[in-house]
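Asks: Sharing a structure, written as structure tokens. Questions coming.
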Amino acid sequence: MIRKGFVMQVNPDCHAEYKKRHDEIFPELVEELKSHGAHHYSIFLDKQRNLLFGYVEIENEQRWNDVAKTAACRKWWAFMRDVMPSNPDNSPVSQELEQVFYLD
């Protein structure tokens, strides 16, 4: 498995809404993520900095990147655009992190 870490931001007044939307995540998005090889996907919130830390294990970089091409993902991005900084294509502004330590 390939471990991926990344950070995003959530708007300061949208913490509860961000969580609520993820509690009610689109079932079709869950299926797309799983079918594209995503496992152990978690997102953590640092409320003081409005920072989101994402962690996911993937089977293959290409399959992971292909999730962004799915209708379910595009629909989710559009749905989330008002609660977080987003790019012109509605994808969340994110920064991939470099792994500097791992303990198995």
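Note: Cβ is positioned from N, Cα and C throughout, glycine not excepted.
Given the structure is predicted, the values throughout are model-derived calculations rather than measurements.
Okay, so Swiss-Prot annotates it like this:
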- HIS22: active site, proton donor (ACT_SITE)
- TYR18, TYR41, TRP76, TRP77: substrate binding site (BINDING)
Asks: Widest Cα span across the substrate binders TYR18, TYR41, TRP76, TRP77, in Å?
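Replies: Pairwise Cα check on TYR18, TYR41, TRP76, TRP77 gives a maximum of 17 Å.
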Asks: Over all shown protein chains, what is the count of other CB atoms within 10 A of the CB belonging to TRP77 (substrate binding site)?
Replies: 18
Asks: Starting from the substrate site formed by TYR18, TYR41, TRP76, TRP77, give every other residue of that chain whose CB sits within 8 Å of the mean position of their CB atoms, in sequence order.
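Replies: What remains near the Cβ centre is ARG21, HIS22, ILE25, LEU29, ILE43, PHE79, MET80, PRO92.
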Asks: Can you tell me how far the Cα of TRP76 (substrate binding site) sits from the Cα of HIS22 (active site, proton donor), in Å?
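Replies: Distance between the two Cα atoms comes out at 10 Å.
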Asks: Please name the residue among the binding-site residues TYR18, TYR41, TRP76 whose C-beta has the most neighbouring C-beta atoms within 10 angstroms.
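Replies: When each Cβ's neighbours within 10 Å are tallied, TRP76 tops the list.
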Asks: Taking the Cα atoms as reference points, how far is HIS22 (active site, proton donor) from TYR41 (substrate binding site) in Å?
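Replies: One finds 12 Å between the Cα atoms of these residues.
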Asks: Just how many other Cβ atoms lie inside 10 Å of the Cβ on HIS22 (active site, proton donor)?
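Replies: There are 12 such Cβ atoms around HIS22 (active site, proton donor).
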